[in-house]
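**Q** Handing you this structure, nothing more for now.
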Amino acid sequence: MAQSEFNLDHEISWFVLPSYWAKIIVGLISCMCFANSYDGDFVFDDSEAIINNKDLRAETPLGDLWHHDFWGGKLSSNTSHKSYRPLTVLTFRINYLFAGGFHPVGFHVINIILHCAISVLMVDVFSILLGGLQYSSKGRRLNLAPKASLLAASLFAVHPVHTECVAGIVGRADLLCALFFLLSFLGYCKALRENKEGNHFSILWVLASVLLGAIALLCKEQGITVLNVGLFKKGLLFRITLLLSGGATMLCLRWRIMGTGPPAFTEVDNPASFADSLFVRAINYNYYYSLNAWLLLCPWWLCFDWSMGCIPLIKSVSDWRIIALAALWFCLIALICQALCSQDSHKRRILTLGLGFLIIPFLPASNLFFRVGFVVAERVIYLPSIGYCMLLTYGFSLLSKQTKKKKMLAATVLGILLINVLRCVIRSNQWRSEEQLFRSALSVCPLNAKVHYNVGKNLADKGNQTAAIKYYREAVRLNPKYVHAMNNLGNILKERNELQEAEGLLSLAVQIQPDFAAAWMNLGIVQNSLRRFEEAEQSYWTAIKHRKKYPDCYYNLGRLYADLNRHIDALNAWRNATVLKPEHSLAWNNMIILLDNTGNLAQAEAVGREALELIPNDHSLMFSLANVLGKSQKYKESEALFLKAIKANPNAASYHGNLAVLYHRWGNLDLAKKHYEVSLKLDPAAPGTKENYSLLKRKLEQLQKKGDA
């Protein structure tokens, strides 16, 4: 057995455990950190990637996954972000299938299990990186750094920056990518196995490594970098050629699948990349790198989103933040010099591999090769944290070698681990609900307009419009071109009948972004309320021009035509809404009511029956059709629908009131009296019910007098 030139473990005051116990401990502490996220909600990007992603549903052919992006859009579309991760989406689909719907527990549990599995694998990976790749005479790989590999794997398992990947379901992409990245690396190491004759090269294991790298790439784009990391391991030219050929093939296929070139991002996503000055771009990119490094060093200030003004651009060398990137490059250059020039070959190998794992997986997020759609994203440093944990462990070994207070150093390391565990638990809890997640970001990124927007949206969804207005206004103040905040604020003001301000905001939104279909529709609704019907119609048609399949806009257009007594146009607009969205209950209802009011009872009945076939449990449709049937003197069928509607919604006064009218017409006066009284109890001011009840009482009194006579 070849002997290690230097044993890192000699310098570390830490636990020595058998490999299986080390893996059990790492697995348990990694689970402990994130276990409280298991029953969290779908939060932030989960809505778009999971709930609104049609690729998860059984009716979508599996083949579509290979032509769609991560969010379910077509890769060929100019609006696609080109995030091609079909295997990750496939796991979401399996989750959805086994859970029987959108139940987040199963999704969260899989993420926690994946992180535990990756953390356990890290024990083997770090034993190779820190102790070297050496085998016994029987061909078994030796772990020459059990203490160092346990420490490094523990640091990785409990790093708080991983919370977004584990507690946020969308982070599944990073977890799967990391899993196959590590398996690919271990497979490549398997190809370098030694035997009695010397180095034994296995083409099969290299090919397996390339295949696993391809799977990692199909989980997330960073997966391709494993082949570059593999080049850091010494090997034959043929072996390197295989890796490079595999990588080039994957990149070509990936680019061909993307179809229309790189994705198009906006300035708010990544403002530095839109700067005219090369100096401003370069200086800010480097500042972003220093922020990522700081998140690895001190992961206390974490945020779900770092865009939209969270990090103001550096525009001058007099900006004090230049110190941060100067410090970063000072440290990197010092480490690179040591990795290249040190007399100690063991030190050179560890520093080279550590820097390789730190830098190479980060390259796709660096803006060096193409523009990315974010400023800082905690999820993208899941893989680079491997290199950080390796370098940190090596740093502890050097400190331990220099100091006599080894127990104090060991206690400090243990303290860091415990603090990180606590931070993971706190941060995981924040990721359990959108309210906690968004509010946690207010103190970290108070200048981020998106943070204020999301807090406002969360409050609006809960019905707290007054508080939501405050946050929407702040979002617009921080980013005067934030059209989504203007649209949402305009919507709330519209509902509060503050129509003039709502119109101003929505007009500004469509001026800034002329193809913003939702803002055009909402502007049309406001203009309709202001009785500016021609302008409203024009706004609706502009919305439809920019979004061809827009059922809600057709519905509102139909309402406009109904107000103008253009009944045929109204019916056509509502029919378009139901064609585009067959479950559009409001459009169906309006068609039934309009046909009923215009005396077209037979047509109203046909439309009502068609609607109920598509939406059989909609009580409002039952109610509307029951009214039509009652007028057509189909009392029995009408009664059955009224009763079914009341069973579904027993507190609707109008349901009881109209059923009472049916019984009144039918001559079933006792039941009519009963339902009039229920209706008046639920709504004492119910229109027409008091009058009808008074008529019924007079009729009952007359009948009683006749009976007495």
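Placement of Cβ uses the backbone N, Cα and C atoms for every residue, glycine included.
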**Q** If you look at how TrEMBL annotates this chain, which of 112-132, 406-426 comes out as transmembrane segment?
**A** 112-132
**Q** How does the domain 'DUF1736' (261-333) divide up by DSSP, counting helix, then strand, then coil residues?
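**A** Residue counts for the domain 'DUF1736' (261-333) by secondary structure: 36 helix, 0 strand, 37 coil.
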**Q** The repeat 'TPR' (653-686): which same-chain residues, six or more beyond its ends, come within Cβ distance under 8 Å?
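**A** Apart from its flanks, the repeat 'TPR' (653-686) reaches 619, 623, 626-627, 630, 635, 638-639, 642-643, 645-646, 692-693, 695-697, 699-700, 703.
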**Q** Apart from its near flanks, which chain residues at least 6 from the ends of the transmembrane segment (144-163) lie with a Cβ under 8 angstroms of it?
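**A** For the transmembrane segment (144-163), the far contacts come to 4, 7-9, 12, 14-17, 19, 22, 25-26, 29-30, 33-34, 37, 115, 119-120, 122-127, 129-132, 134, 295-296, 299-300, 302, 378, 381-382, 385-386, 389-390, 392-394, 396-397, 413, 416-417, 420-421, 423-424, 427-428, 431.
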